[in-house]
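A.B. asks: Got a structure here, written out as structure tokens. Questions coming.
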Amino acid sequence: MWALGRVVLAVAFLVAGAAGDAAPPKVHRNHGKFTAGPWKQAHATFYGGRDGSGTLDGACGYKDTSKEGYGVQTVAVSTPLFGAGAGCGACYEVKCVDSPDGCKVGAAPLVVTATNLCPPNPGQSNDNGGWCNPPREHFDLSMPAFLQIAQEKAGIVPISYRRVPCVKVGGIRYTITGNPYFNLVMVSNVGGAGDVAGLSVKGNKRVKWTPLKRNWGQEWQTSEVLTGESLTFRVMTGDHRKATSWHVLPPDWQFGVTYQATKNFN
């Protein structure tokens, strides 16, 4: 009887140990909301005209931010934040700090979207003209955005910033340019994390789920022939959440035309 009891206890111990050693279940993050990150310190300058001219396109591939859901509340970020294009579309809350002569008194924080790269200037030192030199995290705001928090005469001001959810009107937008044998897909007006870490496409006939590669900025490429099919896109943002835009492009879709999904990230 004692031997039988020991066998039962041994089996129970092994089963419990196997359960304890089992890999934790995968966390699916297709739902929920992007949450704001911690506050960090940096500096901000400005570029372009008072009306935002000169800031509407750039290294992220956007053609006209005023028409693509970003307006002129935009920023060109330095290389560490740009991340070879992976940082395009990210939203930041920015406030001017610790500069009584430069900050506007009582100015509320503003939210801007990363739509361009502030390139490094190796001919200038990091603290005298080379504001966007790595490893500095720097914000070159559009002039309309800068003037909301700081005096123009200041030129450069210290700021506090943090990543925040992107709040967009309407669904994710898709624009295909190129030709039937080389497609460039621009993804814009992305909510939630705002950035795009992965993109796949599926047709309603021949084309199976096909991953696209980042060409530059938010331009994604594939040589798969996509013409003549209704297209579904699946977007994955930097926080690993996914959104599927079912049949967002009709079978007779056209190059250069922007199509908008009904849904977006929170």
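Easy rule for this one: first residue shown is 1, then count along the chain.
Glycine is no exception: its Cβ is also placed from the backbone N, Cα and C atoms.
Pulled the feature table from TrEMBL, pasting it below:
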type   : residues : note
SIGNAL : 1-20     : signal peptide
DOMAIN : 57-171   : domain 'Expansin-like EG45'
DOMAIN : 181-261  : domain 'Expansin-like CBD'
A.B. asks: In the domain 'Expansin-like EG45' (57-171), how many residues does DSSP put in helix, strand and coil?
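C.D. replies: Computed counts for the domain 'Expansin-like EG45' (57-171) are 17 helix, 37 strand, 61 coil.
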A.B. asks: For the domain 'Expansin-like CBD' (181-261), what is the mean per-residue pLDDT, to the nearest integer?
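C.D. replies: Looking only at the domain 'Expansin-like CBD' (181-261), pLDDT averages out to 97.
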A.B. asks: By DSSP, what is the split of the domain 'Expansin-like CBD' (181-261) into helix, strand and coil residues?
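C.D. replies: Result for the domain 'Expansin-like CBD' (181-261), in helix, strand, coil order: 0 helix, 41 strand, 40 coil.
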